[in-house]
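Peer 1: Attaching a single structure in structure tokens format; questions to follow.
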Amino acid sequence: MAFSSLHFDYGQVSLFILILSSSIISAHAAPTTNVHSSCSNDINTILVKLWVNGAEKDSIVGLSAAFGSVLPTDTKHAPRLPAVYTQPPNSCSASSTKLSGSIALARRGECDFLIKATVAQAGGASGVVLINTEGGALEIACPNNSTISNVTVPVVSISNDGGDIIDKFIAAGKKVELLLYSPDRPIVDYSVSFIWLMAVGTIICAALWKRFTRSKESDDFSSNPIFAFVYGYFDKIVITDLAVDLDDDVVAKEDDDDEILHITAWTAIGFVISASTFLVLLYFFMSTWFVWLLIILFCIGGIEGLHNCIVSLILSKCRSCGKKTLNLPLLGEVTILSLVVLLLCVAFAIFWAVNRKESYSWIGQDILGIALMITVLQLAQLPNIKVATVLLCCAFVYDIFWVFLSPTIFHDSVMISVAKGKKAGGESIPMLLRVPKLTDPYNGFDMLGFGDILFPGLLICFTYRFDEARKKGVLNGYFLWLMIGYGTGLCFTYLGLYLMKGHGQPALLYLVPCTLGTCVVLGLVRRELKDLWNNSDESKQMAEERLGSTRLGSA
């Protein structure tokens, strides 16, 4: 039998663990108000407005330092001053260029940032812009946890790319002027509605995917009573050439069942332990090359997910499209359709990876991520809510600990630090959905980690299979009510983000009670909790339902 699609056997379980480890904060943490203290200012996002020969250019995003004066929140209270490089450029000794009435530009290296700012201020500078030599803007604190600083001018840092922009104009002999300020950003942006729709839509698509991709011919054939009799009769004998098409359908379904990862209580615990371990590794060893490794893994998973989604959708509309095959070295016999779609998916993933820092790259990332999650939710299935309870309770503790409690051990929120890519030179991990904020002056993003969709999604997909196996209606089933619970939990997440003034929220803190809690309460009210708890034969029932046949064999 010809393969209808290409299969990737590169370790789907390992990739699933990697995705679960990216259950990160649901949105960027918004900056808080600066503290008026000599060396304990909050490190906030800032904007550097740029003028070249009097013409305004795009602003550069940077970070304020823990010392120096506090930047104003609007341009009315910030002076527009010429930019001048210190000589030497590292500003570790008195500058030979005149800095009076200007904003001093200094490169990273050779001495502490506090020394650089102190030297520039002594030379008459009205502000200091420290340029990183690699990656993004630096979080600049006082050396050796000092609480004393004599710097009274504003001090900010920008990325190497931002410094290159300024260098280009200065090298061309043009007059460059800068204005430093720190505008307030909205705690919750309108773009969260798009994140909400994508998250809810992903789970709905994953649950209903088999129905979406079930061909009309297959439905008509399997519902035929003659098919039921023939399949029941030939169940225990060799099928003849007359039933080759029937055999192909049955084997394809059996192959799909073989690929499914049935999660147990122990594997659920193992997932969370592995996710925690991986998160700690990311926190301590995060670097540009590490993020690139995650980008490559994300692209591989995204390619498989997108390939499977596209091929299954095409075959559901055109069964004959998967008939033509090729014999290729290493790959063996594959369909032309599968090969063409694979090449297109690879090209799409490469295009996203190359342009991942462009303003439009979030579209490609979300497409790859949604396709990957739909595929994962097809491959990984919960057998009952006993396992779901173990998995979601562990994930509940995992999310809360690494967001709220980890600062007591690591002096920093591990989850938020990894999400922001603080130690990755401005690179961020790709295992999340993101949408640009519509009203954010810094052009930031609202984000939701894959784990915040996959963990509840496993339970919701189980309830859909449970409802279908027992032929429950929409209202007396569980799927609809858990979807409502999930959507409500996301709303609570953003409400918590608002009430806590932008502090990153562990989304599973709200999603687990709203999904698992809804399932348990409904099960108790309907006196079906025992069936939900011990539904060990659910997968067998669903396999028979998908075949659409009534076994008559033994009789």
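Every residue gets a Cβ built from N, Cα and C, even glycine.
Note that this is a predicted model, so its numbers are computed, not measured.
Sharing the record's features from TrEMBL:
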- 82-165: domain 'PA' (DOMAIN)
- 1-29: signal peptide (SIGNAL)
- 190-209: transmembrane segment (TRANSMEM)
- 263-285: transmembrane segment (TRANSMEM)
- 291-316: transmembrane segment (TRANSMEM)
- 328-354: transmembrane segment (TRANSMEM)
- 360-380: transmembrane segment (TRANSMEM)
- 387-405: transmembrane segment (TRANSMEM)
- 447-466: transmembrane segment (TRANSMEM)
- 478-500: transmembrane segment (TRANSMEM)
- 506-525: transmembrane segment (TRANSMEM)
Peer 1: Cβ pairs under 8 Å only, please: of the recorded stretches 190-209, 291-316, 328-354, 360-380, 387-405, which one is richest in them relative to the transmembrane segment (447-466)?
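Peer 2: Per the Cβ count, the answer is 190-209.
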Peer 1: Ranking 291-316, 328-354, 387-405, 478-500, 506-525 by the number of C-beta pairs under 8 Å to the transmembrane segment (190-209), which range is first?
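Peer 2: Answer is 478-500, with the largest number of Cβ pairs below 8 Å.
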Peer 1: Relative to the transmembrane segment (291-316), which of 263-285, 328-354, 360-380, 478-500, 506-525 accounts for the most Cβ pairs at distances under 8 Å?
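Peer 2: The stretch with the most contacts is 360-380.
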Peer 1: Would the transmembrane segment (328-354) count as touching the transmembrane segment (506-525), i.e. at least 3 C-beta pairs under 8 angstroms with sequence separation of 6+?
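Peer 2: Answer no, regions not in contact.
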Peer 1: Going by DSSP assignments with H, G and I as helix and E and B as strand, what are the residue counts for the domain 'PA' (82-165)?
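Peer 2: Final tally across the stretch: 19 helix, 18 strand, 47 coil.
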Peer 1: Let me spell it out: take the transmembrane segment (387-405), skip the flanking residues so only those 6+ beyond its ends count, and list any with a Cβ under 8 Å from a Cβ in it.
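Peer 2: Apart from its flanks, the transmembrane segment (387-405) reaches 20, 23, 25, 263-265, 268-269, 271-272, 275-276, 279, 413-416, 451, 455-456, 458-459, 462, 504-509, 512, 515-516, 519-520.
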Peer 1: Tell me, roughly as an integer, the mean pLDDT over the domain 'PA' (82-165).
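Peer 2: Average per-residue pLDDT within the domain 'PA' (82-165): 82.
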